[in-house]
Amino acid sequence: MNIPIYLDNNATTPMDPRVLEAMLPYFNEKFGNAASRNHPFGWVAEEGVDYAREQVAKLIGATEKEIIFTSGATESDNLAIKGVFEMYKEKGNHIITAVTEHKAVLDACKHVEKLGGKVTYLPVKEDGLVDLAVLEAAMTNETILVSIMYGNNEIGVIQPIKEIAAIAHKYGALFMTDATQAVGKIPVNVIADGIDLLALSAHKMYGPKGVGALYVRRKGPRVKVTAQMDGGGHERGMRSGTLNVPGIVGLGKACEIAGLEMESEAIRLSGLRDRLEKALTVLEESYVNGNVDHRLPHVANISFKYVEGEGLMMAMKDLAVSSGSACTSASLEPSYVLKSLGLSDDLAHSSIRFGLGRFTTEEEVDYAVEVTKTAVTNLRNMSPLWEMFKEGIDLDSIEWAEH
Amino acid sequence: MAYSDKVIDHYTNPRNVGTLDKSSHKVGTGLVGAPECGDVMRLQIQVDDNNIITDAKFKTFGCGSAIASSSLATEWLKGKSVDDAMKIDNMDIVEELALPPVKIHCSVLAEDAIKAAINDFRVKNGMEPIVLEKSHH
């Protein structure tokens, strides 16, 4: 067992050695530009890209012509939202998204607002899921796009994608999903789910950083997005720029491996996740955040009341995890995702996200449990809030000096 | 973000964690911060008849820098007269612990906790609370 233990697989995943192996030839011997149509160097590179396009398409039930390679999910989200807004502005100017989306989606929506678009940011229920009735009530004749993420990066909840897509389509809007955390972890099928645009990233599924894709539906309906990058008209005119051939080959390989191993991996990971959660919620005043029935197999987000997340992480230095606390940010604002579940600020400050992954072992999980338990216990012994709680003092009755 | 060695030292081996009898007239208690903001400090001093702080204890809910700031504060308080304790400035803590700009509020909180504890002691013993010139918040 190597220390520190990596349990931050929602931030990024280590590359699978099989992915690296597939990529290596494309750095030197197969270095060609995939757009060079007139010599074998270009053909070889193009072949690698074409094969990767098939691998990506297959994982999400798409066809290869529907895959646009990008630099990652942030670019894909931007291209989808800004590109749809620009392409369909004659039809309407309203976009619906949710408050728990990734910043790439939220900030792309803010950009659209600056361009004169209207955006509705749906609240979520206490369990992190979008309320379908609230979504339907927000739909208007002007709504051109509904953008709701597949699985949440902080709490792992899986949205009712099929139902959301159906509502969007009922009102003539397109449905887009940021599926960065879901693709490669759980089955995602653009046909069965009714997805018109989907953003994904390689480095969240054991592929390289700096490469991702946007799925753009070609049939029923044929969806178009206005390019956000001008240039040589690569990727069917939707994303100019010389293709990142080694990255794309890596993304393809990562998708192929995920397709083959996802099912058994999900069973193993949810088993480990449950083991971790069960052992940690034995601690008094610890709470699992988000819906526990509809969620990704590898994420556990737990609040340990009366200890502060950043201080806790410091005591857990043998573990690489993340916290909803934002003591380092100038605003001192805790996670907006946790707050939107209705969590009080102090519980949001007390949260730790454990992100398990393909290379996480049972031994590592057990060690993580021990480290976490010790850290929580030690910090509670140092916490004035814990002492007051133990004395039966209602913390809400105290007039805190907000600073 | 990397913590300084001194922050790590105070965080790993916090000095003077604990609780003094807050009902005693020799003990002053300062409770500052708010759970919503992610840090709460409770700092206590015990003062003898010569106005010397003979003991200091803290408990802190907060990040490593907040814990280190309060731990350091208790270390500095012990043996000081109440008047000298009043002079402890948050920037002394910043300097000693090499706190980065985003963590300066932790030192401010520690200074506030010291002053709150002293005022609690003063009020308990029939003295006027000292009006604090600058408000950090």
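Glycine is no exception: its Cβ is also placed from the backbone N, Cα and C atoms.
Summarising the annotation, TrEMBL assigns active site, cysteine persulfide intermediate to A:Cys327.
For A:Thr242 (pyridoxal 5'-phosphate binding site), the same-chain residues that are 6 or more apart in sequence and have a Cβ closer than 8 Å to its Cβ are A:Asn33, A:Ala34, A:Ala35, A:Gly232, A:His234. If you look up TrEMBL, you'll see A:Ala73, A:Thr74, A:Asn153, A:Gln181, A:Ser201, A:Ala202, A:His203, A:Thr242 marked as pyridoxal 5'-phosphate binding site.
Residues annotated as domain 'Aminotransferase class V' in TrEMBL: A:5-367.
Taken from TrEMBL, the feature N6-(pyridoxal phosphate)lysine covers A:Lys204. Just so you know, the Cβ of A:Lys204 (N6-(pyridoxal phosphate)lysine) picks up 27 other Cβ atoms within 10 Å once every protein chain is counted.
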Per-residue Cβ crowding (10 Å cut-off), top of binding-site residues A:Ala73, A:Ala202: A:Ala202
Binding-site residues compared (A:Thr74, A:Asn153, A:Gln181, A:Ser201) - highest count of Cβ atoms within 10 Å: A:Ser201
Rounded distance in angstrom between the Cα atoms of A:Lys204 (N6-(pyridoxal phosphate)lysine) and A:Thr74 (pyridoxal 5'-phosphate binding site): 12
Site extent for pyridoxal 5'-phosphate, whole Å (max Cα pair distance, A:Ala73, A:Thr74, A:Asn153, A:Gln181, A:Ser201, A:Ala202, A:His203, A:Thr242): 30
Other CB atoms, at most 10 A from the CB of A:His203 (pyridoxal 5'-phosphate binding site): 23
